C-alpha cells in the first residue's frame, strides 16, 4: 500500500503553489522564525523518537550484551561487543535460516509479480462489467485480515475434512487422501507461500493495473499503425512506461516478505523441523522461546540491515520518479 | 461484435473467471462453512453450496469465553490509536503541506522511513522496554505501538489531501476576519473530512489486524487479549469445531471487509491512480 500512499501525497501539489504559500505565510515581512511548524510536528517527532528510534537503539545495545533470562530479571547486562554476532555467524542453523529466508523471498516475489502482472494486463483488456467484477474480487481478497486468511487456509488444507484434499483426491490424486500438509516441511512451506501470494497479489495487481491505465492510448494506436504486433507493443511501450511502478512494487514486496512472520507463527511457528523458519521467526524463537534475548536481538539487527539495503533501493526508485514528474 | 471476435476473447474471460474464483473462494468457504451444520462440515464429501443453514456456530463463537471482552479490547485499542494518530498527524501534515520551515525535507524523509519501519524485528526490544516500564500485559502499550504504526501513513495521506485544498480558500477566510485556527476549522476541516475518513479507516484496519505485538506483549493477563490473538488460539477454545472457528473468523473479518468495500473507489482509483500520476 505504501508506494500508493506516498505518491498520493503529491497529487495536485505543484511547486508554484508551494512557493506562493510560503510567501503569503510571511507576508508580514518579519524574518523571525515561526515556532508554529515545530510545535505542530513535535508530537510526531517525539512519538517516533520514543516508539521507533529508541527500540531500534535498544535492540542494537542488547545485541552487544550478554542478555539472557538472568539479566532480564536482575537488570544489569554485560557488554560483550560483537560476540553474539560471531556466535550467530558461525552457527550453521543460522545460515540455513538465512538461505531459507532468501528462497522464501525469491519464490514469493517472483510469483507475486508474475501473477499480478498477468492479472493487471488481463484486467485492462476486459469489458466494463468484468473489469469491475475482477477489481471487486481483488479488493475483497486484499481486505481479508491476515489472521482470518491464515485460519481459513488451515481449514482449506485440513487433512481430514479439507476441501483441497477432497478436490485433489477427486481429480484422481489418491495420495492426497488425508494428506497432512502441515506435518511435511515442504508442504507446509508451499502452503505458506500460497497464502502469502494470495494475500499479496491484489495490492500488486491493482497498483500495476492503475499504472497501465495511465499509458496514453495514442501511443498504442501509433504503434499499431506502424505495424507492431501485440508482443512488440507490450515489450516496447507498456513495459518501459510501467517499469518505475513495477520496480517500486517489487521492492515493497521484497520488504514485506518479512511480514509473513505472522502467518508463519500462527500456522507452524517455524516448524516442522525448522522448515518454515525465516529470519524474523528465528529471532523471536531465540529471544522469547529460548530466552536468549541477545542472540535474538542480533538476528533482528541483521534482518534490519538486510531490509535497509532493499529500502535504499526503494527510496532511490521513488525519488528518481518523483524528480521526473 | 461478431462471433470470431467473441471467440478470440474467450480465453481472456476464462482467465477473468479463474481470477475471480481464486480470489473469492477462501472468503466464500469461510462464510459458507460458518453457516453449515457440523455434520455437513465433518464429512468426506464437502458441499460446495450449503444445503441446510444454521446460526449455531455464530452462537458458539459469540458465547465463547471472553469474546465480548476481547472484542471490546480490540475496539478500545484500535479506536484510541487511530484517534491519537489522526490528531498528531493533522498537525504534522498541516505543517508540511502549508508552512515552510527549516528541516521540513528531513521531517518528510523521516516520515517516509518510519512508514517502512521493520516492525517484525522490533518485537524483542519492545518486549524488554515494556517489561522494564511495567507496561507488559496492558492495553496502553498496544495503543502506543499501533499509534506509531499508523502515524506515518496518516501524515503522508493527510498531507496529500491537504495539498489538494487551495490555500487561497483559507487566505480569503482570514481576510474575512477568521483566525488561523478559525480558518482551518471552518474552511479546511469540512473539505478534509473525506480524507480523514479514508485515512482513519485504513488505520483502523491496520490496528485491527495487528497480531505480533498483541501476541507477545500480552502474555499473562488473558483479559487484555485482543481478537487476533484469540482467533489464533482457536484450537484451544473450540478444539476441532471448525464451524465455530469459521464463524469467529467471519465475525473478525467482517468489519475489514465492509470498510474495504465502502472504500473501494478510493482503493482502486483514488489511492492507486495517485500512485502513478503524481
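Here the Cβ of each residue, glycine as well, is placed from N, Cα and C on the backbone.
Summarising the annotation, TrEMBL assigns domain 'ABC transmembrane type-1' to B:71-263.
Per TrEMBL, transmembrane segment is recorded for B:12-31 (among others).
If you look up TrEMBL, you'll see B:75-95 (among others) marked as transmembrane segment. Outside the transmembrane segment (B:75-95), and at least 6 residues removed from its termini, the chain residues within Cβ reach (under 8 Å) are 101, 104, 107, 111, 139, 142-144, 146-147, 150-151, 154-155, 158-159, 162, 184, 196, 199-200, 203-204, 207-208, 226.
What TrEMBL lists as transmembrane segment is B:107-129 (among others).
The transmembrane segment annotation in TrEMBL covers B:141-162 (among others).
TrEMBL lists B:183-208 (among others) with the feature transmembrane segment.
Sequence-remote contacts of a segment are chain residues at least 6 beyond its ends whose Cβ falls under 8 Å from one of its Cβ atoms, and for the transmembrane segment (B:242-263) they are 27, 30-31, 33-34, 36-38, 41-42, 56-58, 60-62, 64, 67, 198, 201-202, 204-205, 208-209, 227-228, 230-231, 234. Per TrEMBL, transmembrane segment is recorded for B:242-263 (among others).
Residues 246, 249-250, 253, 257 of the same chain sit 6 or more residues outside the transmembrane segment (B:12-31) yet have a Cβ under 8 Å from a Cβ within it.
Here the transmembrane segment (B:141-162) has long-range neighbours at 77-78, 80-82, 84-86, 88-90, 92-94, 96-98, 111-112, 114-115, 117, 119, 126, 130, 135, 188, 192, 194-196, 198-200, 202-203, 206-207, 210, 213-214, 217-218, 226, 274, meaning same-chain residues at least 6 beyond its ends whose C-beta is under 8 angstroms from one of its own.
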